[in-house]
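Record features (Swiss-Prot):
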type	residues	note
BINDING	Lys24, Lys32	ATP binding site
BINDING	Leu254, Ile255, Gly256, Ser272, Ala273, Leu274, Val275, Asp276	NAD(+) binding site
CROSSLNK	Lys32	ubiquitin cross-link
CROSSLNK	Lys65	ubiquitin cross-link
CROSSLNK	Lys73	ubiquitin cross-link
CROSSLNK	Lys121	ubiquitin cross-link
CROSSLNK	Lys122	ubiquitin cross-link
CROSSLNK	Lys125	ubiquitin cross-link
CROSSLNK	Lys173	ubiquitin cross-link
CROSSLNK	Lys278	ubiquitin cross-link
CROSSLNK	Lys286	ubiquitin cross-link
MOD_RES	Lys32	N6-succinyllysine
MOD_RES	Lys32	N6-acetyllysine
MOD_RES	Lys121	N6-acetyllysine
MOD_RES	Ser205	phosphoserine
MOD_RES	Ser252	phosphoserine
MOD_RES	Lys278	N6-acetyllysine
SITE	Glu85	site 'Involved in ceramide and phosphatidylcholine binding'
TRANSMEM	38-47	transmembrane segment
TRANSMEM	92-101	transmembrane segment
TRANSMEM	107-116	transmembrane segment
TRANSMEM	123-132	transmembrane segment
TRANSMEM	135-142	transmembrane segment
TRANSMEM	162-170	transmembrane segment
TRANSMEM	190-197	transmembrane segment
TRANSMEM	201-210	transmembrane segment
TRANSMEM	214-223	transmembrane segment
TRANSMEM	230-239	transmembrane segment
TRANSMEM	243-250	transmembrane segment
TRANSMEM	266-275	transmembrane segment
Amino acid sequence: MADCCVRTCPRPMCIPPSYADLGKAARDIFNKGFGFGLVKLDVKTKSCSGVEFSTSGSSNTDTGKVSGTLETKYKWCEYGLTFTEKWNTDNTLGTEIAIEDQICQGLKLTFDTTFSPNTGKKSGKIKSAYKRECINLGCDVDFDFAGPAIHGSAVFGYEGWLAGYQMTFDSAKSKLTRSNFAVGYRTGDFQLHTNVNNGTEFGGSIYQKVCEDFDTSVNLAWTSGTNCTRFGIAAKYQLDPTASISAKVNNSSLIGVGYTQTLRPGVKLTLSALVDGKSFNAGGHKLGLALELEA
């Protein structure tokens, strides 16, 4: 007799994001495509041997300060190793070594050090991250002469629902210096995120992909003990495969617009402007220009 039973496969579980990436889709709509008050150049190249070079330079139009960074990265895929060297115009040198999916699947260990020859200041950090279905854990240890600081986070996810906790324990003071909690829900085109930081800062964000070319985001924040509430709306529209326009406004009447155009493969230009709606005729508005080159 034929087997009439119908087998249903269990719904695949997704790996939740890290605590720092909760609400990232909404933040990206507010942050990407804008660069007010800066003239910026980013260059990314890759050698034949697989070494990646990233250079970034920017000039602040208000202060005239010029800053830059240089980063080289080499991935030894056979052993899951990544070596990164960093330098910036503050003359701070950084070295990072990471190993991923070698000790066990989903585990990443990172050793990060920085050194400033001008001041002699040194710092070291060991980072660990473990992610599997329904869970994303992180634990970092900052080494300091006064005593290490321990940063921990955990995010749990089930059928689109997310819950996370983040803490920092300062061993020198023997107390928690940070205690944050977040709850969220996400689907393919909708994300909701709420968070409480140290019991005093409350925030929330909504991300909605209205259609294939149009994304919107709403952000709300409030601090207890004050009457200050921060509210903002942002949107991004993809004009065509090579061009997009972004806009945002907040309750302080600050209006930002940005236009991004891919001039050719590997060359991207971004123009942005920030207008103060409360003092439109008084000036103080900001412009921004960014050029990204990748080869």
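Residue 1 is the first one shown; counting continues down the chain.
Every residue gets a Cβ built from N, Cα and C, even glycine.
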* Among the binding-site residues Lys32, Leu254, Ser272, Ala273, Leu274, Asp276, report those whose Cα falls within 10 Å of that of Lys286 (ubiquitin cross-link); none is a fine answer. => Ser272, Ala273, Leu274, Asp276
* **Surrounding residues of the transmembrane segment (123-132) on its own chain - C-beta under 8 Å, 6+ positions past either end** => 15-16, 18, 105-115, 138-144
* **Residue pair Glu85 (site 'Involved in ceramide and phosphatidylcholine binding'), Ile255 (NAD(+) binding site) - Cα distance, angstrom, rounded** => 38
* Looking at the recorded positions Ser205, Ser252, Ser272, which sits with the largest number of other Cβ atoms within 10 Å of its Cβ? -> Ser205
* **NAD(+) site, defined by Leu254, Ile255, Gly256, Ser272, Ala273, Leu274, Val275, Asp276: further same-chain residues with Cβ within 8 Å of the Cβ centre** => Phe36, Val257, His285, Lys286
* To do: Compare the Cα of Lys278 (ubiquitin cross-link) against each of the binding-site residues Leu254, Ile255, Gly256, Ser272 and report the nearest.
  => Leu254
